[in-house]
Amino acid sequence: MALRRSMGRPGLPPLPLPPPPRLGLLLAALASLLLPESAAAGLKLMGAPVKLTVSQGQPVKLNCSVEGMEEPDIQWVKDGAVVQNLDQLYIPVSEQHWIGFLSLKSVERSDAGRYWCQVEDGGETEISQPVWLTVEGVPFFTVEPKDLAVPPNAPFQLSCEAVGPPEPVTIVWWRGTTKIGGPAPSPSVLNVTGVTQSTMFSCEAHNLKGLASSRTATVHLQALPAAPFNITVTKLSSSNASVAWMPGADGRALLQSCTVQVTQAPGGWEVLAVVVPVPPFTCLLRDLVPATNYSLRVRCANALGPSPYADWVPFQTKGLAPASAPQNLHAIRTDSGLILEWEEVIPEAPLEGPLGPYKLSWVQDNGTQDELTVEGTRANLTGWDPQKDLIVRVCVSNAVGCGPWSQPLVVSSHDRAGQQGPPHSRTSWVPVVLGVLTALVTAAALALILLRKRRKETRFGQAFDSVMARGEPAVHFRAARSFNRERPERIEATLDSLGISDELKEKLEDVLIPEQQFTLGRMLGKGEFGSVREAQLKQEDGSFVKVAVKMLKADIIASSDIEEFLREAACMKEFDHPHVAKLVGVSLRSRAKGRLPIPMVILPFMKHGDLHAFLLASRIGENPFNLPLQTLIRFMVDIACGMEYLSSRNFIHRDLAARNCMLAEDMTVCVADFGLSRKIYSGDYYRQGCASKLPVKWLALESLADNLYTVQSDVWAFGVTMWEIMTRGQTPYAGIENAEIYNYLIGGNRLKQPPECMEDVYDLMYQCWSADPKQRPSFTCLRMELENILGQLSVLSASQDPLYINIERAEEPTAGGSLELPGRDQPYSGAGDGSGMGAVGGTPSDCRYILTPGGLAEQPGQAEHQPESPLNETQRLLLLQQGLLPHSSC
């Protein structure tokens, strides 16, 4: 094989050579800017390697001459890897002579290396002699100064290194715009004795080709860290508390530890300090006193020292679980079941939390049945077999847990009652029967005596009482009790004692209901300021209807709180619309002398609870089920209809959200909870004048900035409610704090389009969130647009749509009745286990009502009082979907 170097170009005649072998390779390197063409043409190097040096950015052309082979497959190789450069050219000089060219138009440092060409012949690879290509340029940095954070006046070092070719390379250091060192050979280390403020450093590298400047490094001063924030008690028990916090700015020094101080509040003098390494930024406080108020604060430290303490954060440990078991558990058989009674448990120590419901467990056929939750000290057991022995136990519970179980009560299949003792003991039924008969006779006698006395008092009042101290006869008269709903003198007198305004009393006169006219039942939900209970209301025809009673807590004694609570009822009294919750009545619960009565607002019983809890249950409940898009749009139409009615009556709601919309038995949605609503008597806006708990993430921009509320601000909240519905109950602006919402919105950000949300629906949402209130659509426009969208969707079959389930009113279900929903294997229960879709199943909000499966029979004449509407809502939506009703437009 012959090797020759030349500046050969395409068409260059081959140089005279001895007769070549079967295959010959020739590699030539052309540096057109280094050698003139005339000088290169006569260059002949036989078989010797070549070193080629070029400047960065110059062109280079390499060629390879192959003789003794037809159409060779010439490959270029650099440092052992095949070159993928597309700028390659292969030219035949003769049938047995080919020249290949590899062009590098602008050489970079990465192009430097060892090149050769190779050809395969008969399974063997022939390679040429190599060419070493060296690329020269300005220095290239391999190490540059890095940013640092150092204590004030503390010494530190900065490093800089650069390489050629060409060598040598020298380093010059700069501090800002001042030269402070060099030139020094590369690599170079700069020693600095210290700085008192943030300072910038850089280095320059010089060689024969020029100079290069490094990045600018900033040396920051370390400082004490900032105070922690977002201190939260994440988990509480009677003796332990888990605390988490977010660290403040670390002062550009690694945080090493945090200190948590805890003291009893108020006025605690002993402070417990716990030092924990970080991260994580959490701490577990142990050995706390149950049912005790504490305060804690946190600070963190780096190498320079500790941060300031954050503000004190109060918390209270939970009380102890009940320590006593119910006593005197006994049973009475009746035709309808087995009545169980026991003595009420009284807390033994102030550290025990408030006692809650009782839990009853019963065993039959050696199998434990489900536990029952019972309010009060009496339970009626119906789901047992009277032909088999029964064992019953009961305990009391509170927020912490359950107390000890009572002694088991054995009810034999041969006995008429049970006895307390070991599971296999027996008792005679004769004494029990005699005791029951005696109790019945005594109760009947007392009832007759009380009835006779009551008739006299009602007829004449109570007169001619005891004489006064001076011996003179005195006549006392107590007004006869009246149960006439039209003139409830007793309740009116009690209203006078509340100190509420005369205007509010006048509004409530015709909706006052005597306390004796309804019976309170089980607890449906609790909130911060009150609770909701099921009740049976006796109507004028003697029949009973199930209602929900919303009442304030017994320890709320301020007249202002009571008046604010009753104002919501007065507000609801004015509403009469199928998609707006309507007031049934108002009552007062009497208490001991000297204590204010408890106000109660009576509302329709909504079988399926609040819309937010229903949406959550469909997505993350124990048995999730599917809600079709048509159903979700139908929910929005109902809410828009209700808000259209409210806005037409000059009412602004101010708290529109999915949690404040209720689901009736036929699955229609009603707008409810008017605790923040206001009527606009003049103009079209209301300005908030005092501090209240407001739903920040549902508020419009003008409400956040200026406490200004209009119908247009309700439209904004309706857009957020639409987003809640489409996401099946997700929290809006998740991960954004309330204090950050205004800046987030003013920056042009809005809630993102939910998955599976139609573009038309999201466009409506986005219009509701316009920064200019005048650009937001009205509720009439929203209702018509949503009806148009619903009309374009396919009609659901009865098996697909939960709205078609129980549209016709069926028999009233028993307590704990259920509703079958698509995709659910088991019915959901009532308030018993908290797992249903009513509000009882979730975390109760601020006395939100109503919410657990049940039913409310339609009141006679109710339809006559509803405002005239074009069609029943369900009929109108079905006609829209089937194209039988023309769509209106905004």
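Every residue gets a Cβ built from N, Cα and C, even glycine.
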Of the residue ranges 368-388, 851-871, the one that Swiss-Prot records as region 'Disordered': 851-871
Per Swiss-Prot, the range holding region 'Disordered', considering 470-492, 815-837: 815-837
Whichever of CYS64, CYS203 is disulfide-bonded to CYS160 when Swiss-Prot is consulted: CYS203
Between ASP655 (active site, proton acceptor) and ASN230 (N-linked glycosylation site), the C-alpha gap once rounded to whole angstrom: 26
Number of other Cβ atoms within 10 Å of the Cβ of ASN380 (N-linked glycosylation site) across all protein chains: 12
Helix, strand or coil at CYS160 (disulfide bond) [DSSP, three-state]: strand
Glycosylation sites compared (ASN63, ASN191, ASN240, ASN293) - the one with the fewest other Cβ atoms within 10 Å: ASN191
Inter-residue Cα distance where the pair is ASN293 (N-linked glycosylation site) and CYS160 (disulfide bond), in Å: 59
Residue, out of the recorded positions CYS64, CYS117, CYS203, ASN230, GLY530, whose Cβ gathers the largest set of other Cβ atoms within 10 Å: CYS203
For the domain 'Ig-like C2-type 2' (139-220), mean pLDDT (0 to 100): 92
